[in-house]
Amino acid sequence: MSDLFSLNKEKKNKIVYTNYSAKDIEVLDGLEPVRKRPGMYIGGTDSNAMHHLVSEVLDNAMDEAVAGFASIIMIKMHQDHSITIFDNGRGIPIDNHPKFPDKSALEVILTTLHSGSKFSNNVYHTSGGLHGVGISVVNALSKHFKIKVYKQGKLYSQSYSKGAKLTDLISAEASKRLRGTSINFTPDPEIFSEKLHFNPKKIYEIARSKAYLYRGVSIEWECEVEVPSDIPKKALINFPNGLKDYLSSKISLDNLVIPEIFSGNIESTVDDIKLEWAICWQNNDTSAFMQSYCNTVPTPQGGTHEQGLKSAILRGLKAYSEMIGNKKAANLTIEDILETASIVLSIFIVEPSFQGQTKEKLVSNGVSKLVENIIKDHFDHFLSSDKVLATHLLEHVIAIAEFRRNKKNERNISRKSVTQKLRLPGKLADCTRTSAEGTELFIVEGDSAGGSAKQARNRETQAVLPLWGKVLNVASSTLEKIINNQAIQDLEIALACGSLKNYKKENLRYEKIIIMTDADVDGAHIASLLMTFFFLRMPKLVEEGHLYLAKPPLYRLTQSNKIYYACDEEEKIKLTYKLSKASKAKIEVGRFKGLGEMMPAQLKETTMHPEKRSLLKVTLEDVQNVDKIVDDLMGKKPEKRFQFIYEQALVKMDQIINKLDI
C-alpha cells in the first residue's frame, strides 16, 4: 500500500534505525492540544464545529441566568464576522488565583483546560457547557478574542490571539450599575476554512433555543451582516411561558386534536430537579417532533428523561381509559399515543450523566422514575379536569392504534402467503414474527459466525442467514455466474423482494438487512462485496433505508474483572488511555479473530442487542452515478481502483501527516 503514496518506483529494502529517546516525547502545554487536535474538543473543524463555539460561550452566559445571577443576554454579529456575547451576571472573577498567584482567575480560566467553577455545586447548582473545557477552547481557536468584565465600578479587559495573551489585564473606571461579562471573538481561519463565516440564521436559532429553555431570560439579538428575510436584524427574544410559548410558535394551533397544550413547570428542592414540558396532539403526523434538553444541552438521542415522560403519558391514558370503562385502550402502545404528538422537554439536574462526549443522550440513574412520577401526576389532573377533552384525545389515539393493527394484519396475510410459496434456504434461522415490521436479517459468513449469531439473536424479531461459499463480486461477474451463485441465491430467496426491475418492496420479508462481518480487513472486504450486490441488484432497497452494517468489536479489554470493547485500533488506544488514567490496575487486551470466536452473550451485548449496539445505515448520496462508482471500485479494471486510491491519497496526505504523533 505504501507504494501508492510514492512516485518513486525504486523499492528500498534497507531499514534505517534511528535513536528513540526522551527528547522524542512531545509534551503539549496550555492550549496547544486544542489547536493541534481541535476535533477532540469541538467535534471537528467544519461549520457545525465553528458554531459550537457560539453555543459554548452562550452556555456560560445561560449558566449565570439559570443560577439566578443574570436576566439579560446580548448577542451581536458584527460586520467583520466577529460575534459578541454579553450577560449581566456577576462577571468572571479577576482577583489572583490561589493556585497561580501571579495570574488572575480570568487568565487562568481563559488559558487552562478544565478550569472553572462548574466542577462543584458551590457556584453553579446545574450547568451545561462542553466537556468541562469551556471558554478556554473558544480562546484557543479564535484569531481575535477580547474579554471585558464589569465588576464593582470597574471595567477589566484583556486581549488574546490563538490562546496566547496579547495584553495584561487592564483596569478602567466604569459605572457601578454595570456588571457582567462581554466576549468578542473571531474564529481562527487557520483552524476553520477562510470561507467559513457565522450563519445569522443558525446563530438566531441557537439564541431562540436558549431563550425558551429558561423563561426568565431575555436575549437581545442584533446582526450587522445581511440576514435572510425570515430573520430579524434586531429582536428581543423572550418566552415568558417557556416551552409552551415555543411549542405554540412551532405548530398550527388550528390543527390540534384538543385545543389545550399539556404543559408544566416544576422545581423541586427535595429532588434537586427542575422540569418543564409542553405536549400537543395534531390531526396528522407530518409535523410531529420531539425535542429534549438537559441543563440546556440538546439530547437528540433522548435518554432517561424521555423514557420517564413516555411512561407517564402511557400510564396516564391507560388509567383514564380504565376509569371510564373503555377497554379498547388496553393494548395501546407509546408509539400509538405519540404518533401525532409534538413534545418539548427540558430538565435541570445536578451532575447529569451523558452517553458519549457529545452529550446527545442522558443516562442519569433515577431520572426516569422521577420524571415519570411528576408528569404522571400532572397528566392525571389534566385529563380529569376536562373529561370531554380527555375522551376525545383517547379516541384519537385508539383510532391510530386500530389503524396500525389493521395494517399489520394486512402485512401478515401478505407475508404468510409469500412465505408459504418459498422454499427458504436451509441455513436460514428465521424469526417467528410473521410481519416484516420490526424484524431484522443478519447476514453472516460461515457456520461458525452463524452459530454464535443464532444463539445470540432474539428469536421473535431477528433472523440469521449464514452464507455458503464465496461471496461473489457481482460488479465483475457475468449474469450466468450471478444467477448460479449459491450465496446470492440464498440471499435473494430469503429476502423475497426480487431484484432489479422485479424488486417489490411490499414483498421484503424484513425491515432491516444487517451485514455482520468480522471487524478486521477480511470482514470489511466481505462487507464490500455484499454492499456491491445490494447497490447493483437491489438499489431501491438501499434507497428505502433497509440496509445496515453492524459494528462488532475487534478488541476486548479487561481491567479489575470489568470488560470493555473497542471496534478498532483507534478506539482501543483511547479506551486504554482512559482506563489507565482512572486506575492503575493492569489492563489485559485480547483480539477477536472473528465473530465465531465470540461467545453468544458477548455478540448479543456488543453487536445484536438493539439498545446496546451501534449500526451504520447505508445510504446512496449519488443515485445517478452509483453504477459508475461501483464499477470503478469493484469492477474488472484494477487501474481505476489504483487511480481512485492514488487521488484520495494525495488529497488526504496532509491530514494523515498531521494526525501522526512522532
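Quick reminder: no glycine exception, Cβ is built from N, Cα and C everywhere.
Marked as ATP binding site by Swiss-Prot: Tyr20, Asn60, Asp87, Gly129, Leu130, His131, Gly132, Val133, Gly134, Ile135, Lys359. Here Swiss-Prot flags Glu445, Asp518 as Mg(2+) 1 binding site. Look at Swiss-Prot and you will find Asp518, Asp520 tagged as Mg(2+) 2 binding site, backed by sequence analysis. Annotated domain 'Toprim' per Swiss-Prot: 439-553, in sequence order, evidence recorded as sequence analysis. The site 'Interaction with DNA' annotation in Swiss-Prot covers Lys470, Asn473, His525, Arg641 and rests on sequence analysis.
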Listed binding-site residues Asp87, Gly134, Lys359, Glu445, filtered to Cα within 10 Å of Lys470 (site 'Interaction with DNA'): Glu445
Pairwise Cα distance for Asp87 (ATP binding site)/His525 (site 'Interaction with DNA') [Å, integer]: 55
Neighbour count (Cβ, 10 Å) for Asp518 (Mg(2+) 1 binding site): 24
Candidates Glu445, Asp520, Arg641 (recorded positions) - the one closest to Gly134 (ATP binding site) by CA: Asp520
Shortest C-alpha distance to Lys359 (ATP binding site) - which of the recorded positions Glu445, Asn473, Asp520: Asp520
Residue distribution over DSSP helix, strand and coil in the domain 'Toprim' (439-553): 58 helix, 20 strand, 37 coil
Cβ neighbours within the same chain of Arg641 (site 'Interaction with DNA') - under 8 Å, at least six residues apart: Asp632, Leu633
Protein Cβ atoms within 10 Å of Lys470 (site 'Interaction with DNA'), excluding its own: 12
Of Glu445, Asp518, Asp520, i.e. the binding-site residues, those within 10 Å of Asn473 (site 'Interaction with DNA') when Cα atoms are compared: none
Recorded positions (Lys359, His525), the one with most neighbouring Cβ atoms at 10 Å: Lys359
Glu445 (Mg(2+) 1 binding site) and Asp520 (Mg(2+) 2 binding site), distance between Cα atoms, whole Å: 13
Other CB atoms within 10 A, centred on Gly134 (ATP binding site): 24
Glu445 (Mg(2+) 1 binding site) to His525 (site 'Interaction with DNA') - Cα separation in whole Å: 12
Among Asp87, Glu445, Asp520 [binding-site residues], residue with fewest other Cβ within 10 Å: Asp520
Rounded inter-Cα distance in Å - His525 (site 'Interaction with DNA'), Asp518 (Mg(2+) 1 binding site): 10
